[in-house]
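Features reported for this protein in Swiss-Prot:
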SIGNAL    1-21  signal peptide
MOD_RES   CYS35  S-nitrosocysteine
MOD_RES   CYS40  S-nitrosocysteine
DOMAIN    46-222  domain 'Collagen-like'
COMPBIAS  50-65  compositional bias 'Basic and acidic residues'
MOD_RES   PRO78  4-hydroxyproline
MOD_RES   LYS87  5-hydroxylysine
CARBOHYD  ASN90  N-linked glycosylation site
MOD_RES   PRO96  4-hydroxyproline
MOD_RES   LYS99  5-hydroxylysine
COMPBIAS  105-114  compositional bias 'Pro residues'
COMPBIAS  116-132  compositional bias 'Low complexity'
COMPBIAS  138-150  compositional bias 'Low complexity'
MOD_RES   PRO171  4-hydroxyproline
COMPBIAS  173-189  compositional bias 'Low complexity'
MOD_RES   PRO177  4-hydroxyproline
COMPBIAS  204-216  compositional bias 'Basic and acidic residues'
COILED    223-251  coiled coil
DISULFID  CYS281-CYS373  disulfide bond
DISULFID  CYS351-CYS365  disulfide bond
Amino acid sequence: MLLFLLSALVLLTQSLGYLEADMKTYSQRTAPSACTLVMCSSVESGLPGRDGRDGREGPRGEKGDPGLPGAAGKAGMPGEAGPVGPKGDNGSIGEPGPKGDTGPSGPPGPPGVPGPAGREGPLGKQGNIGPQGKPGPKGEAGPKGEVGAPGMQGSAGARGPAGPKGDRGVPGERGAPGNAGAAGSAGVMGPQGSPGARGPPGLKGDKGVPGDKGAKGESGLPDVASLRQQVEALQKQVQHLQAAFSQYKKVELFPNGQSVGEKIFKTAGFVKPFTEAQLVCTQAGGQLASPRSAAENAALQQLVIAQNEAAFLSMTDSKMEGKFTYPTGESLVYSNWAPGEPNDDGGSEDCVEIFTNGKWNDRACGEKRLVVCEF
């Protein structure tokens, strides 16, 4: 029974819901009014009933006409880049841009074809002495040269054995009487001498036995004078030999040398300024090299080549510019200047040097050059 009542109530409720839905649908389609919503007959028919409950929501109506477009919203965030599209057509050529910076230098190109030879330039100054080259192969023997000039007198040799007695010489001139010597001890009686000067007559004696005739004696005074002259000559020779030997010892301090004629050029291989070089040679009993002929210049050149150093000569023009003289003041009797020399370059070249090619050049005296002395 109770179940029946509940079922009826549910059905009634559903009926009211459908009715309400129909009314809402109708109200949306027609203009609502107080009469249509509340009353179905005139007011005079009776009192209005109580408001019923809202019915169930009716079915969804048809889609209405589109409304007016709303205002544009704000731009959203940019999306991700899309895929690259196909290449477009080439645009028109633009105006040239500003000049760019200079790029790095490229690698050097191959050498070009040699150009034609230029004109020969002027002759340059003589360069410095180069290093001594290696000795070349030994050449063939040349023709025999001329006999050279006699060399200097050599030092005295050792005393030889006594030679055989020579022939009697011619009596010399009478010398001055010498001083009386001290009386010597009595010697063995010699042979009878020649008769002395006649003495004063004595008392007449008894006649004696005649003696044997003695040999004729030699004259004394001429022989003494000759011996004195010989001794003096020997003393001079000894003095000359002593001086020569003393100079020879000094010369031997210079190990390298060349002789020509009566001259010897010597060097010890060291270099000095002109004034000091001059002093070294003077103390050794000589002077700086002073070649007075082509032969002497060639001999000096051999020393310069062996040492591979230019050497000072003794000549200067310190007294008169351009006029070179020997240390004695004499003018030059021989010269072998290089082309364009002397030129007094810099206004201070008052001394002379000799190169390995034998040519001369004026040089400042303060420079250091090889010391070569002449004896």
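Using N, Cα and C of the backbone, Cβ positions are placed for all residues, glycine too.
Taking Cβ-Cβ distances under 8 Å and a sequence separation of 6 or more, the neighbours of CYS351 (disulfide bond) in its chain are PHE274, PHE312, LEU313, MET315, THR316, ASP362, ARG363, ALA364, CYS365, GLU367. Within the model, the domain 'Collagen-like' (46-222) shows a mean pLDDT value of 70, rounded to a whole number. Comparing Cα positions, PRO78 (4-hydroxyproline) lies closest to LYS87 out of the recorded positions LYS87, ASN90, PRO96, LYS99, CYS373. Note on the compositional bias 'Basic and acidic residues' (50-65): DSSP counts are 0 helix, 0 strand, 16 coil.
In the three-state DSSP scheme, LYS87 (5-hydroxylysine) is classed as coil.
A distance of 83 Å separates the Cα atom of PRO96 (4-hydroxyproline) from that of CYS373 (disulfide bond). If you draw a 10 Å sphere around the CB of PRO78 (4-hydroxyproline), it holds 6 other CB atoms from the protein chains shown. With DSSP states grouped into helix (H, G, I), strand (E, B) and coil, the compositional bias 'Pro residues' (105-114) comes out at 0 helix, 0 strand, 10 coil.
PRO96 (4-hydroxyproline): 6 other CB atoms within 10 A of its CB, across all protein chains. Taking all protein chains in view, 6 other C-beta atoms sit within 10 angstroms of the C-beta of LYS87 (5-hydroxylysine). Cα to Cα, LYS87 (5-hydroxylysine) and LYS99 (5-hydroxylysine) are separated by 29 Å. Looking at LYS99 (5-hydroxylysine) and CYS281 (disulfide bond), their Cα atoms lie 76 Å from each other. Comparing CYS373 (disulfide bond) with ASN90 (N-linked glycosylation site), their Cα atoms are 95 Å apart once rounded.
Across the structure, ASN90 (N-linked glycosylation site) and CYS281 (disulfide bond) place their CA atoms 97 angstrom apart.
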